[in-house]
Amino acid sequence: MALYSAAAAVLAGLERGQGGLKSLVYNSGFPRVRQLYALVSETLRYAPVLEKLLDEAALLQAEKKLEPQLAKVLVYDLLFGKGLKCGGRWKALARRHRARLEAELARMKVRHRVSCNEELLAPERAVSAAASQVPRYVRVNTLKTCVGDVIDFFKRQGYAYLGKAASVEELKTLSGKKFMSDLHLPELLVFPSQTDLHDNLLYTSGHIILQDKASCLPAFLLDPVAGSHVIDACAAPGNKTSHLAAILKNKGQIFAFDVDPKRVATMSTLLTRAGVTGCQLAQQDFLTVDPRDPKYSRVTHILLDPSCSGSGMVTRGPGEETAPSAERLQALAGFQRRVLSHALSFPALQRLVYSTCSLHQEENEDVVQAVLQEWGSAFRLVTAFPSWPCRGLAAFSGAESCLRASPAETLTHGFFVAVLERCKDGAAVPR
């Protein structure tokens, strides 16, 4: 029941204007923030349909003690989600009204002349066909297990393993309890999009991480060798940090920073569950970190995934800004340029990955171009993942060395990644 209570509280906070969806989810205190975020996002997406169903079924009139926000969450999971995960009186209540709710849903479909639930949504609320095809990606946490053992575990649970995918198109064919190995990342397994593994033992024990494929690219492309000293500059909620630790085999040192105390607390829990050691987690604005501090004298790799518009996230829901204003983009880009330039000032730095979950050129190619010009010949762009199909926009000469990801072309969230390396005898300060 804690999940549904937390989701109802987030919905109430959104209605009262107490914050955006992400901030309310992270400040909720609920331990499984991704599960909570997904449930609230989908409830919001179906909100007009849910409100009509509640009205037609007279549920709130029949159940005087049931708050509207909690009713929406329960009915969403009952009719559109994976089924109720709670027990007690709320599950009994939902079951009492299930037949009436299902009948009203069926009548609604007849009235609108549609055959599936998704078609009930208004165009602005319905996800695009490409976005709805984004699979469930599962990163095997090699700090605790190996890919072969995880495959065997899922096979024992009744899943059918179809081998390694040969193309993105092949991933689109996944359905039911079938899964494959990803064609690009060796420690990534791919399941149908509606697969819910939040209650699976492998997830709750930290043996697998539920992480979109595009989000796995930054650590994969940074590729520090075991024993390296690495900074994760804007680290929460910690999936990329745990990925770095797995690549390092828990050998070396990770310095992870985030300014938000509740996000840091969430991250600490995630890293502990994932078996991460050798990570110093600090609640600190990365821009205030002194590159000349002897503590960071051996930092050779930096992963920088700064705050951005989030315009590439296909699960974004109401309560999130989907079309940032020009002023908002300008402010974000200014911050991103400052933090990227600051990261390049660490004296021993050899390789840096800059990434965003934004689609906007202002936050991506334009930021990289501006900072490279600021640093002159000290750093250069490296062609990231040459076989990756989506490249950077032609905003400047060499921008094709960057990569992009999108639901339509790569079956992932929208993403941008640039890999920078220090040139030999590169300057330690911008010109």
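Every residue, even glycine, has its Cβ placed from backbone N, Cα and C.
Automatic, uncurated: that is what TrEMBL annotation is.
According to TrEMBL:
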| type | residues | note |
| --- | --- | --- |
| DOMAIN | 126-423 | domain 'SAM-dependent MTase RsmB/NOP-type' |
| BINDING | Cys234, Ala235, Ala236, Pro237, Gly238, Asn239, Lys240, Asp258, Asp285, Asp305 | S-adenosyl-L-methionine binding site |
| ACT_SITE | Cys357 | active site, nucleophile |
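Other C-beta atoms found within 10 angstroms of the C-beta of the residue listed as 'active site, nucleophile' number 22, with every protein chain shown included. Regional average pLDDT for the domain 'SAM-dependent MTase RsmB/NOP-type' (126-423) in the model is 92. Within the same chain, residues at least six positions away from Lys240 (S-adenosyl-L-methionine binding site) with a Cβ under 8 Å of its Cβ are Ser215, Pro218, Ala219, Asp232, Leu303, Asp305.
Taking all protein chains in view, 14 other C-beta atoms sit within 10 angstroms of the C-beta of Asp285 (S-adenosyl-L-methionine binding site). Using a 10 Å radius centred on the Cβ of Ala236 (S-adenosyl-L-methionine binding site) and all shown protein chains, the other Cβ atoms total 25. Among the residues the record lists as binding S-adenosyl-L-methionine, namely Cys234, Ala235, Ala236, Pro237, Gly238, Asn239, Lys240, Asp258, Asp285, Asp305, the two farthest apart have Cα atoms separated by 19 Å. Across the fold, the C-alpha of Ala236 (S-adenosyl-L-methionine binding site) and the C-alpha of Cys357 (active site, nucleophile) stand 14 Å from each other. Checked against Cys357 (active site, nucleophile) by C-alpha proximity, the binding-site residues Cys234, Gly238, Asp285 yield Cys234 as the nearest.
Most buried of the binding-site residues Cys234, Gly238, judged by other Cβ atoms within 10 Å, is Gly238.
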